[in-house]
Amino acid sequence: MTAPLTATRAPVTPRARSGRQRQVRLVFLLPAAVFMGLFSIYPLIQLVRMSVSAVTVGTLNQEWVFTGLDNFSRSFSGEGAPALTRTLVFVVVVTGLGMLLGLAAAITLRTRGRWSGFLLALMVFVWALPPVVNGSVWKFLLADSGLFNTVLLASGLRDSPVPFLYDQHWALMSVAFVNAFAVIPFNALVFRAALMNIPPETFEAAALDGASRWQEIRHIMLPSVRSSTLVLLVLTIVYGFRSFDFIYVMTYGGPGTATNTLPFLGYMQAFVRYDFGLGAATSVAAVLGVLVLAAVYARSIRREESES
Amino acid sequence: MKQTAGPVLTAWKALLTVMYGLPILWIVLTSFKSSGDVFSTSSALIFSPTTEAYRDVLTADLLKPLSQSVLIATGTTVLVLLIAIPAAYGLARTRGHLTSIGLALLIVLQMMPQTATVIPLFQVFGSWTLLDSTVGVILADTALLAPFATLLLRPFFRSVPPELEEAGSIDGASLMRTFVSIVVPVARNGIFTVGTLVFLLAWGEFLYAVNFFLSPGEYPLSVLLAQQVSAFGINWPGLMALAVVTSIPILIVFTSTYRLLRDGLTVGAVK
């Protein structure tokens, strides 16, 4: 493992001066510390202050009236609670598809050859495209007279177009699917890197023992990706949780509030309804969710370090 | 041993190829269609191509958004690297409480929902008169991407052997000179990888740009695209032509850095 994110105990070195010299290098953190303090930490403090104040677009740059937890109770007695449920469903679908299909893709991309090489490059390219581009084309493909509905109607499977993006239940699932589509290439790349580490002799030995392909997957490939799975799982959950670009482009939170996940709801409350206090409260709740995930992430990285 | 793929794997591979190839194919095909051909079943694949959509999109009006995109993406890349390279090196070579706190903070900041940070930044930029300026958007994008860049760069600096630096310091070179002339060149692959990723992400960023630019004349390409696709009565060939134009720089960057991306992406993300 190349990057332990926790400070590991150093072996005692005969060079006593190196310890001191090492700490001098904290100076290199200074530009980042100043910049992040100004443009990340200070805004976050403002976000928390806003969440306990009455702030509208008109009073944004005036004194804010302290209102305690009023914004929070307004948010969660209203749209906040259903948005939280929706976020959970959304994250489960994105994570489930993203992990399973990412691993399945990695298994086919493991083999060398022109097709695998081409497919991998294609997938990484699609991953690298701006989300607005991917979102646009999927909105087009899923439209009433888009490709999917054209095929479904022509094949006689449906006699009316599927309302992929404007039915309450379909819309959330469609956007979750496109989010998974966008994260699968990255997950496949990470899983593939783990699979490439398996020595070829292992497969040769398995072949000699007459192992079936399924047994190869189950007994050789799955164990070898296990250490990357937990970390990647947290990353995929975070990705699904904070996702907003496909929602913005494909449904803009609609129909009604059907695709308002918690982070997106906070944005809408602030920038569409101009209730910055309410939007800040919803966003603080989303940030708390992220803090929990970050703690799990840091712990799983530490565990991976100690296992290897 | 030659691995022969079974029928299940071959079918799955074919499905993946269609799943990722089809959207690209559809963007390009649609951008060459006339408005009449877009939703007609008979002309799904066979139609008479027209450059009508491109002629509508590629006008003098596109120069401003294009230059805004270039400015924002390159500005962000330069600024992120200026901050993240020393920070990643510092975090790779120090230990103790400060280092641990720094790393923990970066992990948290990297995961922050952008929809949450856009709210206070709008207010903060309002009072610092950074709204409606390209500099403001570059600063916000830098704050968004610097944590991720630092965490991704750190393993590259850890793999630079400390002996190289010690050799430099015996020669009497200062810490700063050793860093610039020895460490940075050795870690250049990592820097290229991270720089490319930051450029790609900044090119596609639209949430800060759509909210911080108050005059639509200043919008970059990504925002134009986001606005047109959420509008009613979408002109699909025009939109797809704009998508192609927006994606061409990505294609150029991608083809020239694919190998680095493929191998470098997985280093910092998981390990």
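The backbone N, Cα and C atoms fix where each Cβ goes, and this holds for glycine too.
What TrEMBL lists as transmembrane segment is A:26-45 (among others). Remote same-chain residues near the transmembrane segment (A:26-45) are listed as 287 (criterion: CB distance under 8 Å, separation of at least six residues from the stretch ends).
Taken from TrEMBL, the feature domain 'ABC transmembrane type-1' covers A:84-297.
Sequence-distant contacts of the transmembrane segment (A:88-108) (same chain, at least 6 residues past either end, Cβ-Cβ under 8 Å): 116, 119, 123, 172-173, 175-177, 179-180, 183-192, 194-195, 217, 221, 225, 229, 232-233, 236-237, 239-241, 243, 261. Annotation comment: TrEMBL describes A:88-108 (among others) as transmembrane segment.
Panel annotation: around the transmembrane segment (A:115-133), residues 105, 108-109, 182-186, 188-189, 192, 245-246, 249 of the same chain, lying at least six beyond its termini, place a Cβ under 8 Å from a Cβ of the stretch. Taken from TrEMBL, the feature transmembrane segment covers A:115-133 (among others).
The transmembrane segment annotation in TrEMBL covers A:170-191 (among others).
What TrEMBL records for A:230-251 (among others) is transmembrane segment.
Annotation comment: TrEMBL describes A:271-298 (among others) as transmembrane segment.
For the transmembrane segment (A:170-191), the residues of the chain that approach it from at least six positions outside its boundaries are 86, 89-90, 93-94, 97-99, 101-103, 105-107, 109, 120, 123-124, 126-127, 131, 134-135, 138, 142, 162-164, 225, 228, 232, 236, 239-240, 243, 246-247, 250-251, 254-255, 258-259, judged by C-beta separation under 8 angstroms.
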